[in-house]
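Undergrad: Would you mind keeping the following structure in view while I ask a few things?
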Amino acid sequence: KMKNNSMLNEFILLGLTSSWELEIFFFVIFFLAYTSIMVGNSLIIIMVIFDSHLHSTPMYFLLANLSFLDMTLSTVTVPKMITDFFREKKIISLWGCMAQMFFLHFLGGSEMTLLIFMAVDRYVAICKPLHYTTIMSHRTLIGFVLLSWAVGFVHTMSQMAFTINLPFCGPNVVDNVFCDLPLVIKLACTDTYVLDLLVIADSGLLSLICFILLFVSYTVILITVQRRSSGGLSKAMSTLSAHITVVTLFFGPCIFIYASPFSSFSVDKFLSVFYSVITPLLNPIIYTLRNQEMKAAMIRLQNQHVGSRQTL
């Protein structure tokens, strides 16, 4: 009974800064960033749903699912981060902390897998264009999305199944803007060496392996295009540059955070912010401002809206 009474039921997040002026500044920046994330990614989803051309294109179907994952991933962390700027003591409950970690790795694992499927889509579109519609059928796309969610669920459960039963009875200060496995595990009142290795093997190696697979796949695509046509290389680079940018920005912080040895590395809170705020923000910017088909779809939707208003 005494042991149960000494168990922690909340954690304290240190946040980004203790300066009131900087907290006001960060509040404005992150509020605008979160608003842009929701509006930008929602716009992509709306375009794909209501534009018949985008809706029937496999790449944009996968892109809409990527936008949904980005929106949800940011919602898990950013609203709490924003409201904490006005709190002197940034507290999160034990189960709130566990929920954050569960959804972070669930959505992160799903997004990693989905990015690989998007690379497969680009490989088939560029290297096997005559078989594109046959290979990337609607059934295949549904299978890709379901498999990405399944991988994310297995990924998070393989770690959370051990984390959720850890005893927390000592320090409860998390030096970050949200809960994540490396720092929370260190606060447990038991030896977590094996669990530390599990997180490195699970999250760190998964990030590294997925990044290597994506790098190899894009390299194969570019080599194949170069052998077939020197003029097609510039067009392929233009198509793939957006995907390569998103992959680099997404996996860079993940690899740095989770693949580093626990004995000599503390999670960098600024990389955590980059992972949960900046990457989902850049995603719609890269895929809308640089994408001619998305711009054309926005114009078509706007013209339809104006036409329907004039009819009324």
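In case you wondered, yes, glycine gets a Cβ from its N, Cα and C as well.
From TrEMBL, for reference:
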type: DOMAIN; residues: 40-287; note: domain 'G-protein coupled receptors family 1 profile'
type: TRANSMEM; residues: 24-50; note: transmembrane segment
type: TRANSMEM; residues: 62-82; note: transmembrane segment
type: TRANSMEM; residues: 102-120; note: transmembrane segment
type: TRANSMEM; residues: 141-162; note: transmembrane segment
type: TRANSMEM; residues: 205-225; note: transmembrane segment
type: TRANSMEM; residues: 237-258; note: transmembrane segment
type: TRANSMEM; residues: 270-289; note: transmembrane segment
Undergrad: Which stretch from 24-50, 62-82, 102-120, 141-162 shares the most C-beta pairs under 8 Å with the transmembrane segment (270-289)?
TA: 24-50
Undergrad: Any residues 6+ beyond the ends of the transmembrane segment (141-162) with a Cβ under 8 Å from its own?
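TA: Those are 58, 61-62, 65, 98, 101-114, 117, 120, 181, 195, 198-199, 202-203, 206, in sequence order.
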